[in-house]
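K.L.:
The structure's right below; bear with me while I get my questions together.
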Amino acid sequence: MRTLHVDLGERSYPIYIGENLLGDARWFAPHIVGRRVAVISNETVAPLYLETLLKALQGHEVTPVVLPDGEAYKQWETLQLIFDALLKERHDRKTTLIALGGGVIGDMAGFAAACYQRGVNFIQVPTTLLSQVDSSVGGKTGINHPLGKNMIGAFYQPQAVVIDTASLKTLPSRELSAGLAEVIKYGFICDEPFITWLEEHMDALLALEPTVVTEAIERSCAAKARVVGADERELGVRATLNLGHTFGHAIETQQGYGVWLHGEAVGAGTVMALEMSHRLGWLSAAERDRGTRLLRRAGLPVVPPAEMTAEDFMEHMAVDKKVLDGRLRLVLLQGLGNAVVTGDFPREILDATLRTDYRALADQLGDE
């Protein structure tokens, strides 16, 4: 078992990473302040792991709240089901919420914790690779709006993150690849040696070799913790964690939430960010292609939806949290391992990026 820390003064918290942590009270008891707990999960994860988690919560009065599964349910109506259950069972301010599931459950349970009686404690128990390496760490919580992804929410930190790597054994391969999009992101934005490590270990990651998976999660969480510790509320460097996300969120919104998995959209969006960085003269063609190959090896789409036009992208990208004073800002790369957030780019470069034939670029890479 490995422990990392997110350093935020009085709101600091541990990240526990290991196998078979879910049923062990040691990782939960120190972070539960009262007698009552509400476990927020979904119809896919609860049958797999709720019973195991309940073993760690013996001695507490537990209310399970099982929600529909999927990005399409990351909305106000589903959030209301959490509040309904908490109020019906008379949960008070000493209640601890536990998010048992992927990113959707973590985001909604965290937002519910931020809102319920103006704030109660919560613990993240992420069960997908994407949520383990990204969304469970850093305190971003919220729901989607029909006009934009994650536009309603709050910064609200958990008391702990408990990452049981054994939960990945039941993860579908498509979800595993989606999580690898966020793992690869850390190499692209701040850790070029990690890119080389991922190239060398991608087959082992896809095969879920335990030591390799644990190292990938630890390195990803350590990078996320450093960035969040330096910029909790995304006023500066934390925005670099959104590499590929502005393009990716446009894909998710246009296609309908849940049609493309978040990580899949980030994968294609990252290829677009690589291409734009190349067009600006910040990345060589070889670096662009290296990044694209790694994403493709992870099983991610490297071509955005063929039916999406440049105008479609611009319509959705205008509703983005990084837009300031009406100006679109993007996360781009000035070399692999060096991300920047900028709105200082020629509009024609962005337009050319949106109109690029990504299928032709992918075909030029050839087979692995």
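Every residue gets a Cβ built from N, Cα and C, even glycine.
Among the features that Swiss-Prot reports, NAD(+) binding site is placed at 69-74, 103-107, 127-128, LYS140, LYS149. Look at Swiss-Prot and you will find GLU182, HIS245, HIS262 tagged as Zn(2+) binding site.
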K.L.:
I'd like to confirm something. Which of the binding-site residues, GLU71, TYR73, ASP107, THR128, LYS149, has a Cα closest to the Cα of GLU182 (Zn(2+) binding site)?
P.N.:
THR128
K.L.:
So which other residues, same chain and not among GLU182, HIS245, HIS262, have a Cβ within 8 Å of the centroid of the Cβ atoms at the Zn(2+) site?
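P.N.:
Here the non-site neighbours turn out to be LEU130, ASP134, ALA181, LYS185, GLY244, GLY248, GLY263, ALA265, VAL266.
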K.L.:
Tell me, how many other CB atoms lie within 10 A of the CB of ILE105 (NAD(+) binding site), whichever protein chain they belong to?
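P.N.:
I get 32 for this one.
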K.L.:
Let me check the 10 A CB neighbour count of GLU182 (Zn(2+) binding site). How many other CB atoms are there?
P.N.:
27
K.L.:
Give the sequence-ordered list of residues that share a chain with THR128 (NAD(+) binding site), lie 6 or more positions from it, and have CB atoms under 8 Å from its CB.
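P.N.:
In sequence order, GLY101, GLY102, GLY103, SER167, LEU168, LEU171, GLU175, ALA178, GLY179 meet the Cβ cut-off.
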K.L.:
Sort out for me which one of ASP69, GLU71, ASP107 has the most neighbouring CB atoms within 10 A, since those are the binding-site residues we care about.
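P.N.:
Top count of Cβ atoms within 10 Å goes to ASP107.
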K.L.:
Tell me, how many other CB atoms lie within 10 A of the CB of GLY103 (NAD(+) binding site), whichever protein chain they belong to?
P.N.:
26
K.L.:
Kindly assign LYS149 (NAD(+) binding site) to one of the three DSSP-derived states: helix, strand or coil.
P.N.:
strand
K.L.:
Tell me which of the binding-site residues HIS245, HIS262 sits in the most Cβ-dense spot, judged by other Cβ atoms within 10 Å.
P.N.:
HIS262
K.L.:
What three-state class does DSSP give THR128 (NAD(+) binding site)?
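P.N.:
For THR128 (NAD(+) binding site) - judged by DSSP and reduced to three states - the answer is coil.
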K.L.:
Over all shown protein chains, what is the count of other CB atoms within 10 A of the CB belonging to LYS149 (NAD(+) binding site)?
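P.N.:
Counting Cβ neighbours of LYS149 (NAD(+) binding site) within 10 Å gives 24.
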K.L.:
Taking DSSP three-state, what's ASP69 (NAD(+) binding site) in: helix, strand or coil?
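P.N.:
ASP69 (NAD(+) binding site) sits in coil per DSSP, no helix or strand.
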K.L.:
Three states by DSSP: which one describes HIS262 (Zn(2+) binding site)?
P.N.:
helix
K.L.:
Which number gives the other C-beta atoms within 10 angstroms of the C-beta of TYR73 (NAD(+) binding site), all protein chains shown included?
P.N.:
21
